[in-house]
Structures are given as C-alpha cells and as structure tokens.
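Heads up, the thing below is written out as structure tokens.
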2 protein chains.
Amino acid sequence: MSVTTPRGFRSAGIAVGLKSTGKPDLALVVNDGPAPASAAVFTSNRAQANPILWSRKAQQAGPARAVILNSGGANCFTGDFGYETTRLTAEAVASELGEPDPERVLVCSTGLIGTGDQAFRDKILGGVPRLAAALAADDTTAPAAILTTDSVEKTAVRAGDGWSIGAMAKGAGMLAPGLATMLVVITTDALLDGEALDRALRAASATSFDRLDSDGCMSTNDQVTLLASGASGIAPEEHVFAAALSEVCDELAAKLQADAEGAAHDIDIEVRGAASEAEAVEVGRSVARNNLFKAAIFGNDPNWGRVLAAIGTTEAAFDPYQVDVSFNGVRLCHAGAPDRPVEECDLTPRRTHVLIELFAGEAEATVRTNDLTHDYVHENSAYSS
Amino acid sequence: MSVTTPRGFRSAGIAVGLKSTGKPDLALVVNDGPAPASAAVFTSNRAQANPILWSRKAQQAGPARAVILNSGGANCFTGDFGYETTRLTAEAVASELGEPDPERVLVCSTGLIGTGDQAFRDKILGGVPRLAAALAADDTTAPAAILTTDSVEKTAVRAGDGWSIGAMAKGAGMLAPGLATMLVVITTDALLDGEALDRALRAASATSFDRLDSDGCMSTNDQVTLLASGASGIAPEEHVFAAALSEVCDELAAKLQADAEGAAHDIDIEVRGAASEAEAVEVGRSVARNNLFKAAIFGNDPNWGRVLAAIGTTEAAFDPYQVDVSFNGVRLCHAGAPDRPVEECDLTPRRTHVLIELFAGEAEATVRTNDLTHDYVHENSAYSS
C-alpha cells in the first residue's frame with residue numbers, strides 16, 4: 001500500500017496503450033474526504049508541460065479532489081491541442097466522480113516531450129471510465145502506472161499517532177532541482193488545512209527533492225501533490241506532521257537517487273562549514289553537476305582535484321587553500337593540498353560519501369547525485385518512450 | 001610553424017619525463033623583441049593553479065619575455081612547495097635568457113591536479129638548460145610538448161600587411177568558459193603596446209574561447225598569452241589587428257572543439273533573436289551543458305524537447321510557446337510545438353548545427369560544444385596523466 005494507506009483515499013492503475021510495452025500507464029488517486037485539503041509544488045523550469053499549466057491554475061480553485069497521472073507521454077510542447085487534452089482529461093475524471101468542477105482534478109504527465117497527439121488523447125479519455133471503475137481503497141496498482149524508465153516502484157509510508165502518510169513517486173532521469181523530474185503523490189488522513197499542507201510540503205521538498213541532482217537536467221513536468229482527507233479526524237501538531245512528511249520526502253528522494261538511469265554510484269555530497277545553507281547547497285550542486293567528477297566516481301577514482309575545481313566555479317565563501325575533502329571517510333585533501341594517499345580510499349561500494357569542509361561558517365547541506373556512466377549515455381541516447 | 005612564424009620569436013619543446021609515455025612535455029616561447037609587449041587572460045575559476053597565481057602577478061611586472069609551459073602535471077593544489085616550484089622555474093628560465101627579472105617569465109602547467117612533487121620540480125628545473133639550448137627561430141617542436149590527452153597539435157597563423165600572428169593551443173577536456181581548459185600562446189611581430197594587446201585579446205577570447213563549452217567543467221590552469229615582438233616594425237591599425245587575432249582565436253577554438261575527449265559530434269548552438277548577446281550566450285550555454293541533450297546527439301536523436309527544457313532553466317527573455325528549433329537545417333519545433341518530422345533530420349555527420357530562434361530581440365551568439373559519449377565517460381573515468 002502507499003497512497004491508500006491513509007484512510008479516505010482510493011486509487012487505481014491500468015494500461016491504456018500509451019506505453020508500447022503494454023505496461024500500466026494511467027493512474028488515479030481520489031481524495032474522498034471528509035475534509036479534503038491539498039497543496040502542490042511544481043517544476044521551476046520556465047518551459048512547462050500542459051498538465052503543469054493546468055494543475056498550477058487548478059490548485060488555486062480549491063482543494064484537489066483527485067490526481068490523474070499518465071506515463072508514456074509528457075504532453076509538453078504539444079500546443080493548444082495538448083492543453084485541451086489535459087482539460088478534457090480533468091473533465092472526464094470529474095464526470096466519473098460526480099464532481100461538478102473539473103479544476104478540482106489535477107493532471108500529471110511524464111514521458112517524451114512533444115508526445116500528445118490525437119491517439120494520446122483518445123487512449124487517455126477512453127481509459128478514464130475503466131480507471132474510475134477500478135478505484136479501490138486497498139489498491140496497489142497505481143505506483144506502477146506512473147513509471148517510465150524506472151526499474152522499481154517507489155513508495156513510502158509513515159504512521160503518526162492515529163494518522164498516517166502514504167506516497168508514491170516516479171523518476172529516474174532528468175533529475176535536477178527545482179524539483180527533480182518526478183511525479184509524486186502524497187496522501188494523509190490527518191486533519192490539516194491547505195495552508196498548513198503548503199508550508200509543510202514546501203519545507204519538505206526544499207531539503208529533499210530540491211537537493212537531488214542526478215544529472216543536472218530540470219524537467220518540464222515535475223509535480224509533487226499532497227492530499228489530505230481528514231478521515232482520521234485527528235489534527236496533529238503542525239511540526240509533528242512536517243517532520244513525518246520530511247521523512248517521507250527524504251525516503252522517496254533516496255529511492256529516486258538509487259534508481260537513477262544507468263547510475264553505478266549513489267553519491268551524497270555533504271558540505272560542512274559553509275557561510276550559509278544556500279552556499280552549502282551551491283557548492284554541493286556544483287560538484288554534483290561536474291561531469292569530470294561524476295565520470296571519475298564511475299571509475300572508482302577519488303579525484304579530489306575535480307571537486308576543488310568545481311567548488312572554484314561557485315560564488316560561495318571559501319579559501320581554496322583551506323578546504324578539506326574526504327571520500328568515504330578518508331581525507332584525501334587537507335588545506336588545499338594532498339593528504340592521505342588515494343589508494344587508502346575504496347570507492348567500489350555503490351554508496352559514496354564525499355565530505356567537503358569549507359571552514360567558512362557553520363552551515364551545512366547534503367546534495368544527492370549519481371555518477372556518469374556508460375549506461376547513462378546509452379539510456380539517454382536511445383530514450384524514446 | 002606557429003609561434004615562430006612572426007619574427008622576433010624562438011621556441012622549443014623537449015621531453016623531461018613528466019609524461020610516463022616519454023613524449024615531449026616542456027615547451028618554451030621566447031620574445032626577442034625589439035619592442036616586447038604582452039597581454040594574458042586567465043581562468044575565472046577561483047581555484048587557481050600555482051602557475052596561474054604566479055603568471056597573474058608576473059604579468060603586472062612588465063612585458064613578458066618568455067612563457068614556459070609543461071604538460072604532465074597541473075601543479076595545482078600542491079601547496080607552498082608547488083608555488084615555489086613555479087617561481088624556481090621562472091628563475092631558471094630567466095637565468096638562461098640573461099633576464100634579470102624572473103617575473104618577466106610566465107609559467108603554464110597542465111595535467112592532473114595535485115601533481116607537483118619534488119620529482120616534478122627536479123625534472124622541470126633539470127630540463128630548462130637543455131630547453132633553452134634547443135630554442136630556434138624555425139622551431140616546430142613546441143606545440144607537441146604542451147599536449148595532454150589531445151590527439152593532434154593545434155596551431156594557427158594569420159598574415160597581415162607586413163606582420164603576422166602565430167599561435168599554438170592545447171586542450172581536449174575540462175573545456176568550459178571563463179576560458180575552456182586550455183593553454184594558448186599567441187605571438188605577433190606587429191608593433192603594438194600592452195594596452196592594445198590586452199583590449200584585442202579580451203575581445204577575441206570573449207567570442208571564441210569563452211564560448212567553447214565542451215563539458216561544462218572549468219579548469220584551474222587556463223591561460224592565454226599574447227606576446228608581441230615589434231620585429232616587423234609595422235604598427236597595424238588596432239581594429240585590423242583585432243580582427244586577425246579574432247580569426248586566430250576562433251580557429252583555435254574550433255580545433256579544440258574538434259579534438260574534445262571522446263566526442264563524436266561537434267555541435268554549434270546558434271541562438272538568434274535574443275534580447276541581448278549575454279542572453280544568447282546564456283541560452284546556448286544552458287543547452288550545451290544539458291547532459292540529456294548531449295547524449296541524444298550522440299545517439300543521432302534530434303531531441304528538440306530537451307533543447308526547450310534546457311532553455312527553460314535560463315533567465316533569458318523568451319516565450320516557450322514562440323520558440324523555433326532547427327537541427328541541421330530542419331525546423332523540428334515551431335512556436336513550441338512539433339513541426340517537421342524528426343525523420344527528416346540527419347545527425348550522422350560529425351558537424352551538428354542547432355539553431356534556436358527566440359523571437360525576443362535582435363541579438364545572437366553561437367556556443368560550441370560536443371556530445372556526451374561512451375568514450376567521454378571512459379576517458380574521464382580512467383584519466384590519470
């Protein structure tokens with residue numbers, strides 16, 4: 001179970017032929033209340049898919065009643081026709097649910113940019129009645145229907161005191177901040193209003209999804225939706241809920257990192273001693289995006305010089321000749337000069353920890369990334385679904 | 001001939017054992033005047049190698065009399081010992097040339113960061129007398145001695161009216177702006193003062209080397225040095241010299257692009273209709289740095305969606321639904337929607353042209369990059385010399 005772990009939710013996932021493989025490609029999550037509330041965060045890419053344009057507007061119209069998600073096509077840069085497809089999709093779902101306002105239905109899409117033609121529309125609209133008929137409070141089929149190149153379903157749950165949180169996510173490439181490329185639906189039966197949900201979701205995203213930078217590429221379709229049903233009748237303290245939500249988001253971010261396309265190492269870049277948290281993130285991100293660093297990790301080469309070269313491109317406060325850099329617990333660079341022999345460092349485990357100590361302040365942050373591998377190049381030079 | 005094409009220069013290249021292959025790894029270019037002048041631009045990376053720290057200071061001391069360049073070790077993050085090596089190297093060259101001021105000798109190094117130990121120092125200092133003895137006005141050995149993973153020597157010459165320009169360059173990876181990772185020495189026998197040289201060099205670099213972004217990684221060791229001897233006795237008009245210098249820098253930038261590590265495509269990203277030249281460069285660079293775009297080109301996939309997704313991450317003025325994108329002359333995206341079928345586009349040639357029309361103004365710029373290939377990953381995961 002995932003999004004149906006909290007009470008007050010039903011979900012379903014079916015195949016409508018968007019994926020050439022015939023695998024499930026259409027999912028629906030419905031919030032049955034009794035006290036529906038919602039919040040959502042969207043990609044910060046200025047090029048935004050039609051579902052983002054729709055959902056961003058719809059989210060203002062009132063608490064979302066449902067989220068429909070398709071894989072097998074991004075419906076991005078598909079013109080007015082594509083936007084109309086999104087609107088018709090929301091209308092179809094609203095009609096099935098007896099909901100008079102289609103703007104209470106959010107839409108998410110993922111897949112190839114430019115995909116969103118008549119066949120795409122027909123398959124989705126034709127599938128909605130069957131999707132609605134499959135809705136169940138004990139559903140386990142939704143998480144698979146939102147996957148693209150993902151190799152595993154990604155779900156997370158947390159239990160509170162009489163309430164719970166459930167979540168599903170997809171994302172395996174184009175993972176970069178301002179949300180990584182991901183679709184996430186999080187549900188809870190806690191009793192919270194939209195403003196509290198919004199605060200908690202923004203805070204949790206900022207330190208989880210926004211610090212996942214697998215390949216530096218920001219998607220046009222990212223959306224994280226949080227739905228609350230209130231079905232538990234319990235209103236947790238906001239900070240308690242926020243902490244649980246952060247745990248869920250962090251777990252999902254780690255699962256997205258672990259399933260990144262073609263990756264052979266999951267790299268946590270921990271930056272300590274920064275002048276501010278923002279600078280810690282900037283430094284971590286500059287290393288996470290450095291192809292030479294990422295290729296070196298693939299080759300099990302603890303190339304600290306490339307780390308320093310990457311830090312040098314930032315505006316963060318630091319003295320290049322005061323920096324320490326450690327790989328998997330071995331300090332290879334001290335005060336900007338070689339320290340322990342690189343032979344002492346073992347990079348063969350998949351999990352890789354890079355610690356950068358700037359000695360410029362007290363702030364810290366960890367950015368998650370992956371290495372640059374042959375498989376990444378292969379998968380992304382051949383990607384077409 | 002390259003740097004010795006203009007009168008008033010001698011050069012040499014020898015092997016001193018810095019490279020494990022035994023290939024030439026130490027080069028010297030000497031300006032014999034009679035009216036020496038010089039200018040230099042350096043990496044904008046805040047992490048700077050010892051030769052950069054030295055040369056930046058030395059360039060203020062007066063016209064450079066010589067430039068010594070080594071491959072086989074970057075002498076970066078090698079501490080005070082490394083800086084002392086650079087200073088001793090300049091002193092040794094000055095002594096050989098009978099030049100009382102060692103700050104009239106610039107130093108450049110390239111190779112692995114962290115390399116610059118006692119053996120490195122001994123090999124260089126031990127080689128300087130032999131290097132000086134090899135100096136010749138008809139030398140052709142210097143260009144090979146500055147190469148690292150380069151597969152070919154890179155030189156360029158231009159003839160003016162009674163004067164000329166000659167140049168040599170190295171660079172094959174870590175090629176990104178704020179100079180690509182490169183060492184360049186340009187000579188001329190035109191009669192020009194240091195200020196004129198500086199203006200011409202900054203202008204020429206800004207539209208050539210600074211728009212080469214092979215892999216988004218900025219080096220710690222970049223240096224472009226321009227030496228004028230005045231030996232022709234001819235003082236060209238500044239704009240005439242500047243135009244010739246720009247041609248030389250542009251030719252070298254193209255040669256660096258064509259020799260980028262592991263690349264299978266040389267991609268020119270031309271941005272038109274930008275609100276400003278800076279925004280045109282920003283848009284071109286964002287596409288040039290997008291790994292998904294670069295991997296797609298490797299796979300001969302004209303994935304215009306990834307171009308738009310990359311543009312969307314910039315701050316440049318544009319409407320995502322007004323943009324046109326063409327690959328090799330075929331307009332695949334018009335007004336943010338699919339246009340010609342992708343099958344019409346042939347990406348098998350190595351030279352690749354991507355045209356982005358923003359319709360936001362009149363400014364334009366071209367950024368040069370390469371694709372992301374298996375060979376790039378291989379070479380940079382195994383790089384150790």
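Cβ coordinates are placed from backbone N, Cα and C, and glycine is handled just like the others.
Marked as substrate binding site by TrEMBL: A:Thr148, A:Lys170, A:Thr181, A:Glu261, A:Asn380, A:Ser385. The annotation active site, nucleophile is assigned in TrEMBL to A:Thr181.
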Among A:Thr148, A:Asn380, the most crowded of the binding-site residues [Cβ within 10 Å]: A:Asn380
Of A:Thr148, A:Lys170, A:Glu261, A:Asn380, chain B-adjacent binding-site residues (C-beta under 8 angstroms): A:Asn380
Assigned element (helix, strand, coil) containing A:Lys170 (substrate binding site), judged by DSSP: strand
Local backbone state of A:Asn380 (substrate binding site), from DSSP in three classes: helix
Reduced DSSP assignment, A:Thr148 (substrate binding site): coil
Intrachain C-beta neighbours of A:Lys170 (substrate binding site), sequence separation six or more, cut-off 8 angstroms: A:Ser71, A:Thr110, A:Pro143, A:Ile146, A:Leu147, A:Thr148, A:Asp150, A:Lys154, A:Met182, A:Leu183, A:Val184
Secondary structure of A:Glu261 (substrate binding site) (DSSP, helix/strand/coil): coil
